[in-house]
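Below is one structure; the comments refer to it alone.
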Amino acid sequence: MTPRARVALFAFGAAGTAALYTAGTLDLPGFGGAWHPYADRAVRQAVAHGTPNAVASVTFDQRAFDTLGEEIILLAAAVAAVVLLRVLRREDEDTDGSHRHGPADVPDALRLVGHLLLPLTLTVGVYVVAHGHQSPGGGFQGGVILGTAVHLLYLAGDYPALRRLRPLPVFEAAEAVAAAAFVVLALAATGWAATGRVPALNGAVGVEVGCALTLLLGRFFEQALLVRPPAPPGGRTGRTGEAP
Amino acid sequence: MSPNRPTGHAPPPDPLGLDALSGPLADTFIAAALALAALMATAVVLTRRTVRQAIVLSGYGMVLGLLFLILQAPDVAMSQIGVGTVLLPLIVVLALHATRRYRDTATGNGRHDDGRPDGADTRNDTRADTRNDTRGGGQADGRGAGR
């Protein structure tokens with residue numbers, strides 16, 4: 001494709017997107033106005049079903065199929081990252097002994113803060129997942145907190161501990177199981193109000209999101225820290241005197 | 001049908017949150033948050049070095065989270081702060097580091113092959129950064145990603 005054709009294609013797509021977007025926003029209620037047609041209906045439905053958190057009612061009840069689609073998208077993204085960032089055969093993965101990842105010489109204050117914040121952040125993540133049906137938050141938010149919290153160990157300079165904390169195969173399995181559990185939970189009672197299932201759905205989403213993000217970041221960490229490109233014939237590689 | 005605890009949602013004529021979102025104070029907050037978001041977005045675009053850009057991007061994510069919070073969407077704000085402030089910049093930094101290492105080892109003139117421990121990655125990043133600047137002049141920083 002020539003650059004000219006590429007620009008033309010982009011201009012076509014951008015113009016179409018702009019037109020559709022403008023058309024879509026023309027009929028929206030004004031910003032900050034008193035008229036909220038969708039919110040009124042959504043809140044009324046949530047109250048009618050007895051769901052305390054109207055947002056949870058929207059995501060798991062009134063827009064359950066959207067949420068299902070988003071879950072699948074996240075699963076697909078994590079699987080794609082795992083597949084794309086796998087260690088190729090022609091790449092060498094450095095063995096642990098060939099170079100040292102830590103504990104790196106980070107300042108003591110950073111190390112201390114990292115180790116102190118880790119349990120706190122994990123607790124906050126679990127809390128956000130567990131109370132998602134009653135307060136702001138839920139599976140996705142809590143899952144994001146959980147998935148990023150473990151990487152405080154990396155900030156604290158202790159990459160080996162991080163590797164021990166998250167065995168990637170276990171997280172792969174857990175993510176698949178959680179995604180399947182969510183699909184089953186969401187489809188099992190189609191047409192019924194999700195009120196009673198919201199905590200379980202939140203839990204499944206939390207596990208899935210947390211595992212997906214940990215996997216994603218884990219693969220990126222492997223690429224950034226461990227994988228070496230294939231050695232040039234002359235042989236200046238990272239392994240000096242290593243005979244595995 | 002309705003639970004016996006107060007749900008906090010009044011009937012439709014006066015939904016909760018209208019009062020909190022109107023008035024000069026709320027307008028000031030919203031305007032300030034919007035201005036801050038525009039400012040940070042411009043800062044992200046104007047930052048030329050990619051590693052630094054990732055950090056500014058993290059600040060932009062935080063400001064966006066603040067905006068969502070002020071607009072009374074705490075759920076969205078939590079997602080935004082988690083993804084936009086931590087996850088996305090971290091992935092960008094890791095990807096940059098990987099491409100830089102690849103380039104350094106592939107061309108053979110890298111300083112941190114030869115089994116040098118690369119535990120302190122932030123230092124490596126800054127060092128690679130300055131080296132790029134002295135060597136490459138005005139070339140775009142992330143060009144190694146394309147190779």
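Backbone N, Cα and C atoms are what each Cβ position is placed from, and that goes for glycine too.
What TrEMBL says about this one:
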SIGNAL    A:1-23  signal peptide
TRANSMEM  A:72-88  transmembrane segment
TRANSMEM  A:109-130  transmembrane segment
DOMAIN    A:110-192  domain 'Na+/H+ antiporter MnhB subunit-related protein'
TRANSMEM  A:142-161  transmembrane segment
TRANSMEM  A:173-194  transmembrane segment
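Taken together, the residues in the domain 'Na+/H+ antiporter MnhB subunit-related protein' (A:110-192) have a mean pLDDT of 86 on the 0 to 100 scale. Note: the domain 'Na+/H+ antiporter MnhB subunit-related protein' (A:110-192) comprises 64 helix, 0 strand, 19 coil (DSSP; helix = H, G, I, strand = E, B).
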